[in-house]
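Below is one structure, written out as structure tokens, with a few remarks after it.
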Amino acid sequence: MQFDNIDSALMALKNGEPIIVVDDENRENEGDLVAVTEWMNDNTINFMAKEARGLICAPVSKDIAQRLDLVQMVDDNSDIFGTQFTVSIDHVDTTTGISAYERTLTAKKLIDPSSEAKDFNRPGHLFPLVAQDKGVLARNGHTEAAVDLAKLTGAKPAGVICEIMNDDGTMAKGQDLQKFKEKHQLKMITIDDLIEYRKKLEPEIEFKAKVKMPTDFGTFDMYGFKATYTDEEIVVLTKGAIRQHENVRLHSACLTGDIFHSQRCDCGAQLESSMKYINEHGGMIIYLPQEGRGIGLLNKLRAYELIEQGYDTVTANLALGFDEDLRDYHIAAQILKYFNIEHINLLSNNPSKFEGLKQYGIDIAERIEVIVPETVHNHDYMETKKIKMGHLI
């Protein structure tokens, strides 16, 4: 499929045009027509009903839903993706409420600041959906995408969406969506691209604290940050004056290795080696909450169970339904930019960290190898990292 950039899609939306938004292939893997309520014209919903044919819904922010008393359709939401349907509505000025014109009126009244809860009949023919406050950074759904896109165009936080169906009633995917795009000359974007757009556009960290931290390897300055959209807590150790071409270690949290000194991995040894190096040469350690390459502690323990049955660290993750590495280094890049650092010497054996930082504007001037000894318990793990994951060890 041929996707457009987010800026061109925003321009189309602001011109009153709908666009196609495609979600993750591991999710619904479908395309929705999306329009911004404030900018859409009288033909938008008619076009959705005639050409897309899916259910026409109206994503709104939580503030709008609460102000208009749009309560959840059911108390026990068992939808597989947790879509927050409210009770359906018609505006009181409609007749049957089902015509394209009347559904447009109902949608427009949702964003009218003078509208009140009593102005909507329930049930009706338009289906509001409530978006998560943090948008696609909290949930990668079409609901959140529509509200985020509305905000990015400067409009009130509401949209109208409709799934795209083929002529035979099946859901349009892949090349079907490409043909739909070309036939109707529409912009098409992915939710993944919208997520990356927002990450680059908006600050994601908040500085919270700074203290002196004496350790077995020297005394460091410890900074505490909070991730704005996930509430994760990140700590940073620094030694000496902070400067360009700083020596930097990105260390993914590993409770078993860092705290309990597990010999299944080399994480604890790499952390200690990096602390010694930074203490001697100056630099920074960014300690990221990315347990188990992003799958979390309990899932890492489940992966260990599979490793005991003959899997390796990569195939175990895959068997559990995860990619081999879920880590993203945008938060690390944001922290570096907080300290006005754009060029670093990276303490790492992992090429994916180089690429992960480069895509967020961080230049890697030099790689500093982190050398730690193998143990009888982590030999296979180290070999897998080298052979399957390309680690430079």
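Every residue gets a Cβ built from N, Cα and C, even glycine.
Around Asp325 (active site, proton acceptor), taking its Cβ as the centre, 19 other Cβ atoms fall within 10 Å, counting all chains. For Asp325, the entry in Swiss-Prot reads active site, proton acceptor.
Counting Cβ atoms from all protein chains shown, Arg327 (active site, nucleophile) has 18 others lying within 10 Å of its own Cβ. The feature active site, nucleophile is assigned by Swiss-Prot to Arg327.
Residues or ranges marked as D-ribulose 5-phosphate binding site by Swiss-Prot on the basis of sequence analysis: Arg27, Glu28, Asp32, Arg139, Asn140, Gly141, His142, Thr143, Glu163. In the three-state DSSP assignment, the secondary structure recorded for Asn140 (D-ribulose 5-phosphate binding site) is coil. Its Cβ taken as reference, Asn140 (D-ribulose 5-phosphate binding site) is surrounded by 18 other Cβ atoms within 10 Å in the chains shown.
For Glu28, the entry in Swiss-Prot reads Mg(2+) 1 binding site, with the evidence type sequence analysis.
Summarising the annotation, Swiss-Prot assigns region 'DHBP synthase' to 1-200.
When averaged over the region 'GTP cyclohydrolase II' (201-393), pLDDT in the model lands at 95. Residues annotated as region 'GTP cyclohydrolase II' in Swiss-Prot: 201-393.
Taking the binding-site residues Asp32, Glu163 in turn and counting surrounding C-beta atoms within 10 angstroms, the largest count is reached at Asp32. In this structure, the CA atom of Asp32 (D-ribulose 5-phosphate binding site) is 28 Å away from the CA atom of Arg327 (active site, nucleophile).
Nearest by CA distance to Asp325 (active site, proton acceptor), out of the binding-site residues Asn140, His142, Glu163, is Asn140. In three-state terms derived from DSSP, Arg327 (active site, nucleophile) belongs to neither a helical nor a strand segment and is classed as coil.
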